[in-house]
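Shown next, in structure tokens, is the structure this report addresses.
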Amino acid sequence: MPKGPKQQPPEPEWIGDGEGTSPADKVVKKGKKDKKTKKTFFEELAVEDKQAGEEEKLQKEKEQQQQQQQQKKKRDTRKGRRKKDVDDDSDERVLMERLKQLSVPASDEEDEVPAPIPRGRKKAKGGNVFEALIQDDSEEEEEEEENRVLKPAKPEKNRINKAVAEEPPGLRSKKGKEEKSKGKAKSKPAAADSEGEEEEEDTAKEKEPPQQGKDRDKKEAEQGSGEEKEEKEGDLKANDPYANLSKKEKKKLKKQMDYERQVESLKAANAAENDFSVSQAEVSSRQAMLENASDIKLEKFSISAHGKELFVNADLYIVAGRRYGLVGPNGKGKTTLLKHIANRALSIPPNIDVLLCEQEVVADETPAVQAVLRADTKRLRLLEEERRLQGQLEQGDDTAAEKLEKVYEELRATGAAAAEAKARRILAGLGFDPEMQNRPTQKFSGGWRMRVSLARALFMEPTLLMLDEPTNHLDLNAVIWLNNYLQGWRKTLLIVSHDQGFLDDVCTDIIHLDTQRLHYYRGNYMTFKKMYQQKQKELLKQYEKQEKKLKELKAGGKSTKQAEKQTKEVLTRKQQKCRRKNQDEESQEPPELLKRPKEYTVRFTFPDPPPLSPPVLGLHGVTFGYEGQKPLFKNLDFGIDMDSRICIVGPNGVGKSTLLLLLTGKLTPTNGEMRKNHRLKIGFFNQQYAEQLHMEETPTEYLQRSFNLPYQDARKCLGRFGLESHAHTIQICKLSGGQKARVVFAELACREPDVLILDEPTNNLDIESIDALGEAINDYKGAVIVVSHDARLITETNCQLWVVEEQGVSQIDGDFDDYKREVLEALGEVMVNRPRD
């Protein structure tokens, strides 16, 4: 056996320990001195404080900085990365000044290296001041604390903690923030101490007596295997950034990551809409198991925009294969919900592909039909692969034949051969004739490019297709085709529309947005309307019963507050009973007293005109065409009476709006004339109604100036057409499209017209307002001429259908269903007669 180092007398080792003795020697030798003299820990600190001088402090700071740099290089090499060097001198000075303020001697204890303890014993956090101040500041420091063993120095730690606790709160919080922001930099001296432990222990081993050296060798052999295991565990934890996090910390981190992902998704999708905030309950274990399900189940999500809460703890349930209509008053968040689903700001199952049709296609040289076909990227990829393999086959590569056969099989499975026919069928249904289908998209207006975008969405057939007011840019013929086409849609559909007839024919379910929640009704819109009215009646009965109970309690001597409290207690007991019955473990909101159900009612009224002798208006021998174009009309000849109810129909571009302008006198015929009663007053609602408004005025000022009305009368007129009171005094330029439309209707009523000529009046109106408009037309005693794509408005007002075709106008024999059948037959479609739920 090799001889151990010569035993050294213990006394000289304590002389000049700051110069010739390593920190490890001091730890071991001071332990012996403690046993002999039995001095307390604080006495030892006092002695050491006197022995340490300013030169020793500077020397140790330099040594500490060198050890820190060595440790940083080793860590960078081990983890395979290099980080930027951080200068910790200022941080150490701050801590040294803090230690001086706390009256804690930091000259020796600061540089002590804890002696290792045998494996299996509990590791005690030692007297390293840096650790005592910044423990648990970072995940990296926690890993280092697990891989090193500290010498017990509990009295010092307690003393420091006590001193910190006695520090003024303001100073402590301020310094705490500084330390927390620099936690990683401050943890490096302690890590450097543990890194240099091996060299210091070798030095101490050489100075030990032979017997102690043997014992130490034995202990190190026992500890070696334990340290290797700990080192492996440390490497595993270093690779796993979440290994040292508690369950609570992991849960918090997951929420933060989900929130950041949602925010980034919204910013990427629409940078202009950065005022939205979204929150959603965590995905339950059952939902996690159903990530590959075809249904959507979102529970307790909230959405706010510009500080206004749109959804609060709402639930979204969408079953695959159902066709949903999302309804509710304007401005309550319907479009916002569709955008959040499309941007995946909410937790949509990853296997569900979602498409929201909201933007028109790019205007370029691409023909309309090719713009639709290029939406199918899978088909394009297979066709490109087919061309490449055919080229290889022609060059004599026999291996390409087998691959080419597989490509053919995939093309047949996706129906690639019928893709162009399908695209042309959709475009034809939306109003594109063969010449228009091959026309570049840059030659179309915005409305027609929006139709191309809708055609692309229908052609792609996503798992969940969302349409926001799809009929707004369509004429009646296109609406009839789309209505019929979507009745055969086999995938999931979510529609926002104000066309009640469209919702009745297409939808199998209705989602009602009310009081920041989503309520579900099975059936079409008509079924929902009946069920909702019944629900409102029941709520009104419950409210009246509650008010009666409150009156009885007040009559019995209870105060209003006491009566309400007692009523709430009764509701709470009922809620708890219902919860136990349904075994609902989730916490529910505390019950509140019922409020009187609010009925959203809108009533349009037009004053009845005086009687006029017929005909009041007509076109006689009229021919008209725009300059440089072929004539739209030839030899028009018809008259209108006071009891006429006429709806002008036909595809886009045949001249429906032009015919209305001829009747109002805004266009002069090329030949012939427009005749009208000299007392006739015409009220005209134009699609571009915003052009006739003065945007800088308020609605009240506009009516007062136009008709010399008193202030209160102007506001009453606006209120009758459903314009909210707060919007009466806002500049017209700041109103929404629906609010501007109501101002125009109020202006029409103030004009007291004898004939109403309405060009697409339902655009930007909600369903309740369209119903009110239909009732107003039925009550009106004057003539009505309307161009509309809303089938229900046409049928509810019993309008005669005049179709514009072949440069003329003719009346249709039959009702609206006959016209629908005629339109579909002309397109080669079969009319779907789906039984309504």
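Cβ coordinates are placed from backbone N, Cα and C, and glycine is handled just like the others.
The shown structure was predicted, so the numbers you read here are calculated from the model rather than taken from an experiment.
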Based on what Swiss-Prot says, identify which of Ser138, Ser173, Ser559, Ser810 is the phosphoserine one.
-> Ser138
May I ask you to name which of Ser107, Ser181, Ser304 Swiss-Prot has annotated as phosphoserine?
-> Ser107
Annotated phosphoserine residue, as Swiss-Prot has it, among Ser194, Ser246 | Ser194
Look up Ser103, Ser279, Ser725 in Swiss-Prot and give me whichever carries the note phosphoserine.
-> Ser103
Which residues, same chain and not among Gly328, Pro329, Asn330, Gly331, Lys332, Gly333, Lys334, Thr335, have a CB within 8 angstroms of the centroid of the CB atoms at the recorded ATP 1 site?
-> Leu513
Measure from the Cα of Ser657 (ATP 2 binding site) to the Cα of every one of the binding-site residues Gly328, Pro329, Asn330, Gly333, Lys334, then give the nearest.
-> Asn330
Reported mean pLDDT - the domain 'ABC transporter 2' (617-832) | 91
Find, for the listed binding-site residues Gly328, Pro329, the residue with the lowest Cβ contact count at a 10 Å cut-off, counting only other Cβ atoms.
-> Pro329
Starting from the Cβ centroid of Gly650, Pro651, Asn652, Gly653, Val654, Gly655, Lys656, Ser657, which together make up the recorded ATP 2 site, report each further residue of the same chain whose Cβ lies within 8 Å of that point, ordered by sequence.
-> Asp475, Val804
By DSSP, how many residues in the compositional bias 'Basic and acidic residues' (551-572) are helix, how many strand, and how many coil?
-> 18 helix, 0 strand, 4 coil
Among the binding-site residues listed here, Gly333, Gly650, Pro651, Gly655, whose Cβ has the fewest other Cβ atoms inside 10 Å?
-> Pro651
Val654 (ATP 2 binding site) and Gly333 (ATP 1 binding site), Cα-Cα, nearest whole angstrom = 37
